[in-house]
Each structure stands twice: as structure tokens, then as C-alpha cells.
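Notes follow the structure.
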Amino acid sequence: MSTERDSETTFDEDSQPNDEVVPYSDDETEDELDDQGSAVEPEQNRVNREAEENREPFRKECTWQVKANDRKYHEQPHFMNTKFLCIKESKYANNAIKTYKYNAFTFIPMNLFEQFKRAANLYFLALLILQAVPQISTLAWYTTLVPLLVVLGVTAIKDLVDDVARHKMDKEINNRTCEVIKDGRFKVAKWKEIQVGDVIRLKKNDFVPADILLLSSSEPNSLCYVETAELDGETNLKFKMSLEITDQYLQREDTLATFDGFIECEEPNNRLDKFTGTLFWRNTSFPLDADKILLRGCVIRNTDFCHGLVIFAGADTKIMKNSGKTRFKRTKIDYLMNYMVYTIFVVLILLSAGLAIGHAYWEAQVGNSSWYLYDGEDDTPSYRGFLIFWGYIIVLNTMVPISLYVSVEVIRLGQSHFINWDLQMYYAEKDTPAKARTTTLNEQLGQIHYIFSDKTGTLTQNIMTFKKCCINGQIYGDHRDASQHNHNKIEQVDFSWNTYADGKLAFYDHYLIEQIQSGKEPEVRQFFFLLAVCHTVMVDRTDGQLNYQAASPDEGALVNAARNFGFAFLARTQNTITISELGTERTYNVLAILDFNSDRKRMSIIVRTPEGNIKLYCKGADTVIYERLHRMNPTKQETQDALDIFANETLRTLCLCYKEIEEKEFTEWNKKFMAASVASTNRDEALDKVYEEIEKDLILLGATAIEDKLQDGVPETISKLAKADIKIWVLTGDKKETAENIGFACELLTEDTTICYGEDINSLLHARMENQRNRGGVYAKFAPPVQESFFPPGGNRALIITGSWLNEILLEKKTKRNKILKLKFPRTEEERRMRTQSKRRLEAKKEQRQKNFVDLACECSAVICCRVTPKQKAMVVDLVKRYKKAITLAIGDGANDVNMIKTAHIGVGISGQEGMQAVMSSDYSFAQFRYLQRLLLVHGRWSYIRMCKFLRYFFYKNFAFTLVHFWYSFFNGYSAQTAYEDWFITLYNVLYTSLPVLLMGLLDQDVSDKLSLRFPGLYIVGQRDLLFNYKRFFVSLLHGVLTSMILFFIPLGAYLQTVGQDGEAPSDYQSFAVTIASALVITVNFQIGLDTSYWTFVNAFSIFGSIALYFGIMFDFHSAGIHVLFPSAFQFTGTASNALRQPYIWLTIILAVAVCLLPVVAIRFLSMTIWPSESDKIQKHRKRLKAEEQWQRRQQVFRRGVSTRRSAYAFSHQRGYADLISSGRSIRKKRSPLDAIVADGTAEYRRTGDS
């Protein structure tokens, strides 16, 4: 890469739209380099001189250096980094891991520091300090300290338990042992003693202790089998292999002890599937990639032993690099709740300021002229008002609820357990329960507006069955419609003549077998031979049976189909592949494997036949294959027609083709291929470019059709979610026609749906942009917004758009380098200014076009995006989040869905056939798409209702409690005197009112789960934020204000001129405080009873138990015995017994409670009678509804014959095993069975006439 960057020139993008899809990387992270050179490095000829020449430029990108068996090398001064002041530590981490936060000395200070970083805790700490100032505080210090200690203590105990568990886990892991080369031989050492550069030996079933370079193993060609469940959740075995040179020379202990290889590689990062480096040894350089690295956390399987060199240790390993930087998601209610707390704090400041002004005025008018109020201080009224301001901040501090956040977390934790325990979301077939992987998002499940779903494996089963094929223009398979149930009338094809048949494929077209056996049409045999040879499947034998492991379920189905039709893939080595062709074993030399990726959408293999001919066999999506066909292909149109038929039946298709290659052509191409294979930078891009040169002028053989059935309950689930006003977008890598037909099959699209395509959308967006430009352009930010609709009102519309159209519409075109020449780095101020203005114009235009697209798409009832990459999926989700401010949910099952799952507000992973990456990145997971309706319509809705009720009640009870002080201040000279006993203030939120509201937040439900599913329209209240918003908040505030007025003024009126039974007036302050407190506790607990919709014994016990607990504690605290022990803390001696023995006091309490509650009862009655909600109506008739017959699920059927659409499918978004295969590693016989083996299926019977 040139360093003369100032003179470097590039070309800007073309001004015209380009429909070519941008080749995104599926797994980009923040650790990747932004700018990389595109030049292909020349082929290395493996001699010392060129190795040394290539070593220096390689260091510019690969700066991590490892010397084998040389610990002193890594301790050199230039590898030391300054940690603190003069304390230095090595750049290379040791292998001891530390996941715990605290030790015995740091726990208390660090935990307190972390907790006081939260604003609420810091606020109450400041109040506690203010209470220590006697001139300010009228409250005892413990009124704030006890609640604060409870909150801090609960959190500290939870943190301590978690950290102790981490300590134990770290100790257990760090003390594991393995064998390390020391003093020339292997010795047992603990993991924590391992260092970078050590050579270690691992045995079968051992965990890999660090990221190591595989040097050799007990397997042929040093192949090593590993299980990566701790890394990506996948339990199927993966394959790693060493370099050929290390396999050859590093098998014995003595050679391993003298190994002095030097490695330069990338710095530690979090990319699990990427590694770039070079080994320099024996005067030669060898490129290294991820297939040669064993990562920490893997388990050695089916391999007796292996040797490795430690590259990254401890905190530098990839699994540890991935343990942090988790994206923290917060709910809409979280943000709203925080704003409301800020609002309460502002109200607190204003009330305190007003009362302080009142006190200053009162002091000037009354206090200074009343000799009996003189306290010996000659402070001015304004200064006294200043002190009283802080006094009221303390007295009214309970307006800001200290226990709110702790209570919310407890409720969310309980709701998460309810999801985990729900047996109706348990999938018995795979023993997979639903799992809430986060506890912070439950109520947001009740507010979803848009669902973004993958198709394959999410809506469908991802179990592939070979169904039909088209060979040389002839269609083979079942021609009957799915509605015709006459399978029994046609005999299933008998594959008993084939010794390699697995007996699982159900096929009904006997004519195809006749064609294969007769050999009359050589294209038929060529077709199945291609399926048997063009793949990256791995094979082994178990009990005499062939077991295949494929990179995707599609590929496994195709290889199994070829096996059943007489072309069985038997074995492969570095340079050969062995096929049984109708019982005859033939071995072919493999010259090159052109592997699949999500941008190429195809794979090829180049082989030399035993006769010496060179052939290329290719399979891929029809869109890319047809672009590369030779112009003379007589069956091209017939195959297109067959693809249309397959698409109409929602079958997944791909095309097969081949070409013969001349020896000279291959020799020239192979040189370029070898050069690209050893490139140190941009290796993948270089290989793709070379692949393009050979994959052209192909001859079409035919097409395959694979069935991927819908999961059970998908149409019903989509129907119910649509009735809940949730819009569903399907984002898939499949061909447009396949996705469209699946849309009809799952009833996302109907006969009444008007479908808009990319070209329609483009014209609509262009017209909208013109209108906006005429009104002032994209910069007309201050013009009044004009709400326009893209479509006339009425009608059911859907949008189907491909990834290429999406790029064009959103101005995400691939850069063309043949139009506008510009300087990469402007050298003058004018150039810099012009470039900045150009960027701003383009960005504004892009933003406006994106907004218009989102507005248009959201007017449709359904959206299907086809042929989209993982990055495009995430981009679509982000656009809806950004411009519609709507709550989004993304659901998928594969690694290509991880980006959108992380981008959406809620991510749901389905544990299916494509591993566990989606599940591990998700917030919630389960096994079937149909469980989504229960997650949202039952658990999500319940959680939302419960949280809203909890918050409204919590704010209400705190205002009712606190504002009594406000009213009391008008009668005590605004002196910040409290209206309650100090211990009542301390325990009110902790004991007297905490349990009922917690139980309501955990258990309440307005209607049952069955009725929630039966009436999806109930879900709308969460989408519209009807149960918790600023209006509801101020209603709760007003309710609390009125309650506090009633609770204060009724007892005040009763006490003004009252004589008790003993002839004495009970109008002392302490009796007055007891009366208000008693009425308050009864009122707020009965109020929660009015708010409770679902009664259980636990709810009733908590309400009446809280009231009983209040009276029990009050009588104890007012007893003479406790006053004798703590005279200064308990000063209400005998007050409860003296006051509450007066019938007039009880009458006052009952009157206050009744006046508080009866208006609420009346309003609720009138509201339910005159303006009933949907929930009210269902509750009113719930007995009748419960007695009615439950709705029956409709049988899932595919809707055939909707229209004739051509279909093709995309492979899964991951590479296969081509790198491993071409690196020369034969496959060991002992292997686990194929995970995605083709299941029993029903093939269709179809035969067309001769073309």
C-alpha cells in the first residue's frame, strides 16, 4: 500500500442510480480497520529472500509478535506499557482471567461508589447530609437513612452473591491444568501459569485454555475437531487444521521443544471468525487464517491429542474480548419514568421555594413580633427562609420515591420468571423452553408496532426436502396439487437397488429412476453427479453408514438426494474427491474450490476427471447463474418456466451448470488463483475477483426444487398479530418470488392485497421528492409539515422490494470508479469547502428520501424485503426506529439475523437448524414462531398493564403521603414541621405500603390469557401509551393531592372543637398525627384493592396484612417499654392507645377513608358504564365467554395456484468448508452425525411431456 496518500486519487460515485447490491460484510465490528488496500499481494515462492522482503510491509497491519518457546522475548522493555505513574506491565496478558469486580478490601467502597453513581441514591445521600445540620432539619436522621440502607443493602447483597459466584468460577478455571513445554519436555501446569509463546498439548475432551495456533494433532494431516458451544452456542463439531509444514515436522516432543517459529498477526480483537497472520519459520513465510486457530472456550472432540502455540492469553483472547460492550436496551416506560421523576423534583423545588418565601413573610409579620417564639438567634427573615427551603427539601423528599427503581427491578425479575415457566411456550420435541434472556424489557413487549422477521427457519421449518427438479428442460416430480390426497395410489420409488440410499427420501417419479438407470439422457446423470461433487460437505462413516455435515440445510438435502439417486459422495482428501456413480467408485482430482458467500450466491468446483479432462461445476441462485451462461443454451427458457412453476409452489430453487476448461486456460487462471490465495490483505475480495474470471460461458443443466414447509401455527399467529395492529415486515435473503409465495402461504398477503414493487416505489418517491423540492427543497426545515399520503384511503396494500432496489431508493449505491475524478484529500480551502457542501447536500437528500420511503412502507399492511444482506436488515430496522419513533421487534434464527436482532428494541431468537448465534444475541428466545403471539399478546400485555398500574399507584401513594406536610405548613408558620411521627415516615414505603403494590405489579391481569389471545385488539392500549403517559401521571398527581387534602382537613376539622369521653380535648399534635397516618395507610391499601383486577389470597393477605402490620408496629413503638430504652427516638409514648380508644377518632378515620374512596368508586362505575373500554366489556361478559367453545386452530395449508412466479433461494449467509478442504485435510471416520440431515418428507409426483 502506497504511503504517498496526498497524491492519491479516486473516483466518485455515478450520479445515476445503480441497482447493484453493495457487498456488505456480515460480521463487521468496531475493531476492523476502516481503510484497507485493495491490491492483491504477489504470489510468494517460499524462499528465504522473498520471505524476508514480505515480512516488513506485513508488520504495518499485523503488529502482534509471538516467539515460540521464548518467554524472555515477550518481556523486553519495548513490550512494556505504563499502567500508572511509573508502574509498568507487559503488553502480553497472562492467562489468568478475572471476571469478578471486588475483593474483601474493595467490596464496600467500590460497591458504594457504584451505587452512588445513580442519581437517586446520590440525591438521598445529599439529603442525609442536610439532615445532619440542626438549623435545617426537623426530621430525625433515620427517616432517610433506614430506607436508603434498605435500598443499598438489597443491591449490595445481590452484587455480593453474584461476585462470590464469579470468584469461585474464576478460581476453578484458572486452576485447570494442561501440559506445557518447559525445560525441553511437557510438564503439567495450571492455566493461569500459561504465557504467550508457550507450546501446549491438549487431549480429547479438554477445554482450550487460550487462543492457540494448531501445530499438529493425532489425526491424519493434523485435523482437529472442536465443539464451540461456549463461543456461539452450536453443538455440531467444527474442523480446524494445521499448516502442512507444522504437521510434517512438529509431531514429536523434542521437535516441539526446539520449535522457534516467529508469528506476526493482528492485535487482539473480538472477531471470532477472522484471523490474519503469518508464520515465519525455516526461512519461509506461511499465511495463517481462522481455520488454523483454536479459540479459548472450545472443547477438543474426537481427537486424541493436539499441540498448539499460544497466540493470545487471558484477557486478550477473543472470548474475553466479546464479554463486554453489551448494548444496553431501555424501555419507553424507563425514559418516561425518568422524566416524571425529574418533573417531581422540579415540583419539589418549587413547593419548597414557595413555602420558604411564605416562612420569610410569616417571620417578618408574626414571628419577630411574638416574644414566645424567640429562639435566641437574631437571623433575618430572608436567612430563615433560606434555611427553611432546605428544611422542606428534606421534609418533602418522599415525593421522589427512593424505592421506585428497586421495586421496578423486582417486578421485572418476577415477570421474566413467568415467561421462563410458561409451559405453553415449551417445545417438547426439542426440550426447549421459552427464555427471557434479559429482565429489563418485559413491559415493552406490550407496545410493539412493527415486527421484522426472517423467513427461512423463522416462518419456515428450515428442514429441507428434495421435492422436484428440472433436467434438460424436463420436469421430474409430483404434478398433483397439495389438496389432492392420493399419495397412497402411487407407489413410492424403491431405492433398495442403491446400497448407499438412506431410506429417508420419499419420491414418487419412477420415470426419473428409469432415466438414470438407462443412461439414455447423459444430462440426467451429469445433473446428479454435479450435486455429488460440487459442495463443501464433510463425510464420515458410523456403523457403516455415511454421515454428512453441511454448511447449510439446503446443501445437505442436495447431497443426500444425489446419494439416493445413485451418486454418493464417499470421501475426500486434500486433492481428491471420491464418488460412487451407480455403484462404481471413481476418484477425481480437485483443482480448486470456489466457495460460496452471501454476495456471490453460488459456489463452483474445478476437477480433473480420470480421463484427464478439466471441468468446472457450478450451482447457485438463478439470478447470478443466468448472467454467466453461454449464449447458446437451448433449454434456458424451459428451465425458466420450470422455475416459475416451482416458485408458485413455494419451493426453494437453484440452478446447476458446468463448463469444460482447456489446460492452457486453467494454467493461466490458476496462477492468479494461487496469488490471491496467499494475499495478506483483502484476501476475500481478491479471490472473488479471480472467481469471476473463470465462472463464465456456463452450460445450463437444470434446476433443483427443495421444500421448506411453514412452521405450525404461522398463519394463525400472523393473523392475530395483524388484528393487534402490529405490522409485520419479512426480511429475507431469498428470491422475490419465493418470499412472495410464502407471504401468501402464511396469509401475510391475501387475494385482496395490492402489491407494489420496487419500480412502483421509485416513481412514487421521485414524485414526492419533486413536490418537496417545489415547496422549498430538502432544506425547507422551517416550512409547516404537510401530511401527504402516498396511496388513496382504503384498500389493502403490500410492498415487495429487493435489496438492489433498496440500495437505489435509499441512495446506498455501490461506488463507481469511472466517472467523477476527485482528490481523496482536498489540498485547498476552496476544495475543502466545496466537498463539505456537497456532502451536506447529499446527506440531506439521502435523509429525506429515507424518511419518504419509511412513510410509504408504513402505509402498507405488509412489507417483504428480498435478497437483503444482514447489514441491510439492520439498516431497515434502524430506519423505522429513527423516522417513525415506533417500538420494533426483530425475530430470526440464524447468524445473518444477529445484526437486526441487536438493532431492534426487542430481539427474539428462535433456536432452530442454524445454530444458536441468534439466540445468544437475543433478549428473548423460544423454539417456534407461533409462541410469539403468546409472548406479546399475553406476557407483553400483562407486563405493560402491571407496570403501568404499579407506577401510577406508586406516584399516587407518595403524593398522598407527602403533601399532607404541605397543607400542615399553612398552620405551623411554614416551619418545616412534619405531620407524622418520624418512624412512620421511615417505614411507610418500606413496610406499610410496599407488598401490595409489588404483588399487583407481579400478579394482576385484567383478562385471562385465553381471552387475551382471543381478542388481540386489547393489545392496542400499549401501542398507544394509553395506560401510562403524562396525562395519567398528572391525574395520579391530582388524585394524590386531593387525597392528602381530605386526609388532612377532615381530621383537622374534627379536632378543632372536640371533647373526648373523658371530657378532655384530644386535639394534641401526636393524636392528630396518629389519626392522619391511620387514615392514610387504610386509604392507600384499600385504593390498591380498587385497582386490582385479579384477586388471589396473596393479594388480599398483603392488603389486610399491611394494615395489621401498621397497627401492630405503631402500638409497639408507642409503648412505654421501648421509650424507656430509647427515649430520644420514641417520643409518642402512649399516643396510639390513648387516641384510638376514642370512638370519635375512629369515626374520623372512617369518614376520611370513605370520602377518599367513594368518589373513586363512583367515577369507576360511571366510566365502565358509559365509556367502557374493550377490557371492561370483556370482563363484564367473561363468564359467558369462558363457557363458550374455544376457538379451533385452522389447519395449516399452502395456498397454491395464486400466480406463476419464478423462484430462487439464497444459501445461508456463511462460507462452507472450502478453505479446510483445499488445505489438504482428509476427514476422519469417527464423526458425529449430520445435524441437519434430511427429514422424512413427501415428494410430489409430476411429469411433463417432452419438451
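Each Cβ is built from the backbone N, Cα and C atoms, and glycine gets one as well.
The membrane topology recorded in Swiss-Prot splits PHE389 and SER1093 across the two sides. With every protein chain in view, the residue among the binding-site residues THR456, ASN896 whose Cβ has the most Cβ partners within 10 Å turns out to be THR456. Scored on C-beta pairs under 8 angstroms, the neighbour of the transmembrane segment (1069-1091) with the top count among 109-130, 341-362, 390-411, 1098-1118 is 1098-1118. When Cβ distances are compared across the two stretches, the transmembrane segment (983-1002) makes contact with the transmembrane segment (950-970), since 3 or more pairs at least 6 residues apart fall below 8 angstroms. Under the DSSP three-state reduction, GLY733 (ATP binding site) is assigned to coil, being neither helix nor strand. Below 8 A, the CB atoms of the transmembrane segment (390-411) and the transmembrane segment (1139-1163) form no more than two pairs separated by six or more positions in the chain, fewer than 3 in all. For THR456 (ATP binding site) paired with ASP897 (Mg(2+) binding site), the C-alpha to C-alpha distance reads 11 Å. Candidate recorded positions: ASP454, PHE596, ARG652. Nearest to ASP897 (Mg(2+) binding site) by Cα distance: ASP454. Maximum intra-site Cα distance, ATP binding residues ASP454, LYS455, THR456, GLU555, PHE596, LYS619, ARG652, THR732, GLY733, ASP734, ARG867, LYS873, ASN896, ASP897: 25 Å.
If you take the CA of ASP893 (Mg(2+) binding site) and look 10 A around it, the recorded positions you hit from ASP454, ARG652, GLY733, ARG867 are ASP454.
DSSP assignment over the topological domain 'Cytoplasmic' (1003-1032) gives 18 helix, 0 strand, 12 coil.
Summarising model confidence by region, the topological domain 'Exoplasmic loop' (131-136) averages a pLDDT of 77. Non-local neighbours of the transmembrane segment (1139-1163) in the same chain are 1039, 1043, 1046-1047, 1050-1051, 1054, 1058, 1060-1061, 1066, 1070-1071, 1074-1075, 1078-1079, 1082-1083, 1086-1087, 1090; each lies 6+ residues outside the stretch with a CB under 8 Å from one of its CB atoms.
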